[in-house]
Amino acid sequence: GFVSFAVIISVISLVLILIVAPKKGQTNILVYIAICSLIGAFSVSSVKGLGIAIKELLERKPVYKDPLFFILLTMLALSVTTQINYLNKALDTFNTSLVTPIYYVFFTSMVVTCSAILFQEWYGMKAGDIIGTLSGFFTIINGIFLLHAFKNTNITWSELMSTAKKEALSPNGNQNSYVLLENADFSASGYDDDITLFSRTNDQSSHKL
């Protein structure tokens, strides 16, 4: 399964690098990000494999005699170099606030898929653990989207509290009347003057009618 996955990812990456990127890399933000994400699956897998190899090397096992060690090391160097190259191109061409969340979603999705196929981590998990993992992943995605979508919105704590206070005072939606009563400084004499003016206005309007 992993060999098939690696072949498919390699073919798609080469097509994007050699054919699609020179033509549409400067206009489509997904091209550079897709290259980084696809190659990133190999970098994470290589790091896990090298971690196991280093652990065995510390246990005085002749890991360096196995050609897989050097294959993983070469794959890690190539994948990291390619990622840095195309990620810098994406950041130079497009806005960082767009590149960062899209790259995170694509990269994490590819890493989770690659790890599930290579290490078969999901076979030993229960249904509740799988649902919890996916829920946490989608929660992080939504959080990153909200942070970048509303990063230029300036909302202070006092504004939030005043809005909540107005909504609590006006359960039926009559916000304007409560705001006027809250901001006005009524006195007994002023209240009488308002009544007098109101009555005179009514008298004048009645005479006109």
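Yeah, the Cβs are placed from backbone N, Cα and C, and that goes for glycine too.
Residues 31-32, 34-35, 38-39, 41-42, 82, 86, 110 of the same chain lie 6+ residues outside the transmembrane segment (6-22) yet bring a C-beta within less than 8 angstroms of a C-beta in it. Residues or ranges marked as transmembrane segment in TrEMBL: 6-22 (among others).
The transmembrane segment annotation in TrEMBL covers 29-47 (among others). Taking Cβ pairs closer than 8 Å, the transmembrane segment (29-47) reaches residues 6, 9, 12-13, 16-17, 20-21, 72-73, 75-76, 79-80, 82-83, 86-87, 89-90, 93-94, 98-99, 102-103, 106-107, 109-111, 113-115, 118 in its own chain, all 6 or more past its ends.
For 67-86 (among others), the entry in TrEMBL reads transmembrane segment.
Same-chain neighbours of the transmembrane segment (98-118): 1-2, 5, 9, 29-30, 33-34, 36-38, 40-42, 44-45, 48, 87, 90-91, 137, 141, 144-145, 148, counting only residues six or more beyond its ends whose CB sits under 8 Å from a CB of the stretch. Under the heading transmembrane segment, TrEMBL lists 98-118 (among others).
The transmembrane segment annotation in TrEMBL covers 130-150 (among others).
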Against which stretches of its own chain does the transmembrane segment (67-86) lie, if we need a Cβ under 8 Å and a gap of at least six residues from its ends?
17, 21, 32, 35-36, 39-40, 42-43, 46-47, 49-50, 53
